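Asks: Starting off with a structure, shown below.
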């Protein structure tokens, strides 16, 4: 990438320092989140050196294992599928999408109050509150 001299001079020193601090801050956040994810995955939590790519790959594998365990528990109660280890990863993911969408998509609630109000609130008279007396 070619940077022109005029583009370099358009930023002040404080802007360049602020950008450098922002990059460092974002890097620290990213590294902290990778370490949190790494600590959650049992297969790599004890290892000393693990690349970020390995962390992501192992996390995906661990999530698939958790999905299988959940489906075994749900399916075992209903008795639908005998052996979940024979299912492909894509089938497990599709089944989990169905379970998750069914669980977390409640029907939208309709606000009835707005329909019952005949006049907009800015046209209605405001009631003055009477001061209360304490005895």
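Every residue gets a Cβ built from N, Cα and C, even glycine.
The following feature annotations were taken from TrEMBL:
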type: DOMAIN; residues: 14-66; note: domain 'BHLH'
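Can you walk me through where each of these features ends up in the structure?
Replies: As a summary of secondary structure, the domain 'BHLH' (14-66) carries 46 helix, 0 strand, 7 coil according to DSSP.
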Asks: Please average pLDDT over the domain 'BHLH' (14-66) for the predicted structure.
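Replies: The predicted confidence over the domain 'BHLH' (14-66), as a mean pLDDT, is 93.
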